[in-house]
Amino acid sequence: MDRKSEDTHVHPVTSKLEEPHHIEDSNDVTKHDLTQEAAAEHIKLEQNLSTWASIKLYRKAVFWACMMSMTLVMEGYDKALIGNFWALSAFAERYGVYVPATGTYTVEAKWQSGITNATTVASFIGIFLGGYQIDYFGYRKTVLANVAFMIPCIAIVTFAPNKIALLFGEMLCGFPWGVLASLGPAYASEVAPIHLRAYLTTYVNLCWVMGQFIASGVVLGISDRTDQWAYRIPFAIQWIWPLIIIPILWFAPESPWWYVRKGRLDEAEHSVRRLAAPSLRDEARQTVAMMVKTNQLEIENMAGERTGWLDCFRGTDLRRTEISTLTWATQVIGGGHFSAYLVYFFRQAGLASSDAFKMGLGNTGCAFLGTILSWFLIKKFGRRPIFVTGLLWMSSLWFITGGLAVVALNGNGQAKWGQAALMLVWVMSYDMTIGPLAYCIVGETSSTRLRNKTVGLSRNAFYLAQIVSATISPYMINPLAWNWQGKAGFLWGPLSLIMAIWAFFRLPEMKGRSYYELDILFERRISARKFAKTVVDPEAVERARNDQEGRLEH
């Protein structure tokens, strides 16, 4: 689409607020070339780069964003591990009860919900702890401390003698997971250039999938074991992550945006140089100029330098918070958390244990492939069309799955394989659309000053939805409870449809926009359906603001 031809234009934004003169160190600000022209030049530089050129020039930023997001492999691994363990005979015999009707052991639905929700509630609290930690210490120190905290927590779940100890260990693991879940996409969105933001934020979803894939492979490998090491080995493997992550991230550069928010502009410039190719060293001041101008614009919009949690619900940030929180919650509302129980679902649908675990491994393989394919879709179509279309398609898959479950009740033996196949198609569809896109949209929608808080609130919206899903999902599948099995599709189908309608009216397209441009679009309250066609001229906006300030002074 040619944005210069038929697009509408944002008229210059005026403000009755004075330009903030204090950022902590005025000498530091003066020393940098903080003109609007410098900021505009950097925006044009990034927007005119191709994807491949961006990768070559910002390969260091790509590397560090990927390494920071690798912490999410741990969470993806453990969440998938627990979901697989519900179907593992040795685990069920150790922590479950005997079911005379089937002649097997199973973990009661209340304990499945309790253990899963203990982790989720702790992660919810961890989000708020992480917000303060990142504000005070920065991304690098926060990630190192929380990964180190995981080491003793892993020991508790590995050697848990009973369900209570297992629940306590999973709860302790949840605190750092909450911190890391929001840290990864926030850091990636801050260090990535415009054309790489979508790839590096959606890569977070790939890290989740990699964790799930490793967990499925490990559980498949030990599924024939009948002793306690059938579940202790998979738990203990988690110690590998801190041993890899801590030495690497010790040398990670801090986000330059964090330095700008602290007024430490020399360090911000040094961080920019560490993230870019040597050929861009002379552009570092322009990059910092763009960051400072964006930071100042947001201070104006917030009527001050406030960056508290409640500020996410004030002014234009309220709309940004709505979009971010509902986008991430949609992953669960659309049935995403139910997929964590797929191996257990396959077992209850009638598949043999070995077949169920193989299908589980195939499920994570589909998720991995889907995330890779999403990168090509994002480049072609952007964010909004994929998100809306994906929800509509997945809604139809849920309805068909529910219909096959009804057919299976009438004695059709092939219907169980039809359900299993449809769930694999659903997983690939999810990881081509709303799965990875949520990370991208949340990272881009938030204002830079409130980024880690908005991302944190959005992740907590996800966790709140997950608590509800984790409470009811075991009951849907468990033979001792509701035993819905595939008929759960009649719940997730309508919910997916509702979220598709919301996204159509409320979710804007942010492809190719700088954070400065996004601030202006949200400030002007441009409707979601007009975001993509609206042209922003940052220099005209700045001139209008300066003219307005001049009139106010006289």
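Heads up, the Cβ atoms here are built off N, Cα and C, so glycines get one too.
Note: TrEMBL annotation is automatic and uncurated.
A quick note: this is a predicted structure, and the numbers were derived from the prediction, not measured.
Listed in TrEMBL:
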type     : residues : note
REGION   : 1-28     : region 'Disordered'
DOMAIN   : 64-511   : domain 'Major facilitator superfamily (MFS) profile'
TRANSMEM : 143-160  : transmembrane segment
TRANSMEM : 166-188  : transmembrane segment
TRANSMEM : 200-223  : transmembrane segment
TRANSMEM : 229-252  : transmembrane segment
TRANSMEM : 323-344  : transmembrane segment
TRANSMEM : 356-378  : transmembrane segment
TRANSMEM : 390-409  : transmembrane segment
TRANSMEM : 421-442  : transmembrane segment
TRANSMEM : 462-482  : transmembrane segment
TRANSMEM : 488-505  : transmembrane segment
Ask   = Given the transmembrane segment (356-378), which of the listed stretches 166-188, 229-252, 323-344, 421-442, 462-482 has the most Cβ pairs that are under 8 Å apart from it?
value = 421-442
Task = With Cβ distances under 8 Å as the criterion, find the stretch in 143-160, 229-252, 421-442, 462-482, 488-505 that has the most pairs with the transmembrane segment (390-409).
result = 488-505
Inquiry  = Against the transmembrane segment (488-505), which of these stretches has the most C-beta pairs under 8 Å: 166-188, 229-252, 323-344, 421-442?
reply    = 323-344
